[in-house]
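Structure, as structure tokens:
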Amino acid sequence: MADSEGTESGDGTEAAERAGGWFLVEAVVDRTTGYQVSSDEEDNSIDTGEDLVDFIDTRRPGDGQEVPLALFVQQNAQDDAATVQALKRKYTCSPASSTCVSLVDSELSPRLDAIRIHRGQDRARRRLFEQDSGYGHTQVEIGASESQVPGDAQHEGGGESVQEAEEERGGGDGEAEATGNQETQAQEQAADILEVFKVSNLKAKLLYKFKDLFGLAFGELVRNFKSDKSICGDWVICAFGVYHAVAEAVKTLIQPICVYAHIQIQTCQWGMVILMLVRYKCGKSRETVAHSMGKLLNIPERQMLIEPPKIRSAPCALYWYRTAMGNASEVYGETPEWIVRQTVVGHAMQEAQFSLSMLVQWAYDNDITDESVLAYEYALLGNEDPNAAAFLASNCQAKYIKDAITMCKHYRRAEQAKMTMAQWITHRGRKVADTGDWKAIVKYLRYQQVEFVPFISALKLFLKGVPKKSCMVFYGPSDTGKSLFCMSLLNFLGGAVISYVNSSSHFWLSPLADTKVGLLDDATYQCWQYIDTYLRTVLDGNAISIDRKHRNLTQLKCPPLMITTNINPLEDPTFKYLHSRIVVFQFLHKCPLNSNGDPVYTLNNENWKSFFRRSWARIEGSDQQEEEEEEDEDGVTSRPFRCVPGEITRPL
């Protein structure tokens, strides 16, 4: 080996050859600066600076050693950078990884950790406490399964060093792997729970689960509504998979929308299950209930069973009554009457037997003579009237309705036959409000060029039923308001209509037997021929014989009769025998209409009442008018009709 520049011969050369020749000179320390002094140095030696001369690079450029030295420095720098990077990857991790999550966020405050926007996958590690999101263990597992699926793929590439570091901290005892297996099983179980609500026969599974939880079938508590549009006030609702916090809050949230609520809550592997009996403030359909409860409970509508309760089932009422007494139910509001009626002893003993006389009295007071109207209106009183409730519980409703209408007609017919025409007009006027104007009728007669005084005179004889004067004929072209005028008067007087189309029947005149006034509308030439042949006695106002179905011939005095026609019988000599039996008024002008198509002159019951009261002195006399005024001041003094037996208090 050649002598290196700056290297002295002797011991230094041997030392350089022994070390491999990588250093140039071996320095000998004679004296150091600073506060510490080596023990092998002499205190009195003088520092000449000769040891610093050897550190100066005095070699010549171009000797071939620049490139190896630069390469050596570069390789050392790369090795140092790789070592530092490995240490960073080993001991420094992402803020979202489980090893760097703050204990305040993950362990001490799980609810604060639950609202984080970006969350990574938590590695399995030893924990002092189980995580609690505030929504129950089932919902935590479901949420974890949904959030951990993308986390696995996210940490595949860069999570190896983190895993190694955690295994080193865990001591390598395999506990992390066991905990990870448990979380994997929980994720699979949560995925199975979510798949339960996606099956095709979901309703069957819900019904099975309901019976498993509550111990009875859902169909034993409810009655089925096929239509989702049917309205009902009481509903039984069973909701599955509800959040724990929502299940507790629904006890308060449902109170503003209902008057009664019975809530039971059960827990299963599907989550919270809520059974409710709710009475809303107004009737709702199943579609409306499902929509509102779906928003309130934050679950899909298909996860609910909604049907109305069995209100006439004693076991069903007893179930709600007994469960309401336990501590497993939350009850709000007043208990429905159908539960009280079937469970409380006092109400059960107060159930009354059905009384037909009360039904007849109700129909008479409300002036109902139609069977369908009576059946419907009386059934609506089932929740208020005990007799109506007993009527609904009876198996002979059709028979009761028919008998009640028959008796009501008998009472009405006898009451009507007992009254004179003046009393009947007064009786009909009591049912009409005092808001009419008689001038509308007078203006209409003046518009049709009918003199008022002759009309009042004819109307007076007509209402009294004077022979030969009890038939008024209104003649004129079409659209002149003849039928409008006569129908309005007939409606106020409560009369009946007969039609010539039924003249082939023996019973077409039978409506005249139960009325005070009759009307034959739109009589044609054939009708006048029939009247001239068979009904001359009817126009006279004398007693006639009427054939009524399933009864013997009835003899009675024919009531006053009004006839409308387009033919003037006074101009036809064929009907000369009818001229003395009828009074004819001509309506020659078309009935005026306003922009809405309504008649300009209003002919209603209120106006007719005002008309009769105004012209009562000319029609009936001053005595009847004074009697009418006394009734207006003092009220009706006669007792109302009563067909219900009174209660007699008997002494002991």
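Just so it is clear, glycine is given a Cβ too, placed from its N, Cα and C backbone atoms.
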Inset, instruction - Kindly point out the range from 108-117, 228-237, 248-257 that Swiss-Prot annotates with motif 'Nuclear export signal'. - result: 108-117
Legend entry - Integer average pLDDT (0 to 100) for the region 'DNA-binding region' (185-351): 86
Legend entry - Residue pair Gly481 (ATP binding site), Lys557 (SUMO cross-link) - Cα distance, angstrom, rounded: 29
Inset, instruction - Have a look around Thr480 (ATP binding site) and count the other CB atoms within 10 A of its CB, chains all included. - result: 20
Inset, instruction - Would you mind ranking the binding-site residues Gly476, Pro477, Gly481 by how many other Cβ atoms sit within 10 Å of each Cβ and giving me the lowest? - result: Pro477
Legend entry - Environment of Gly476, Pro477, Ser478, Asp479, Thr480, Gly481, Lys482, Ser483, the listed ATP site - residues of the same chain whose CB lies within 8 A of the CB centroid: Thr564, Asn566, Phe587, Lys590, Cys591
Inset, instruction - Please report the DSSP secondary structure of Lys557 (SUMO cross-link), reduced to three states. - result: strand
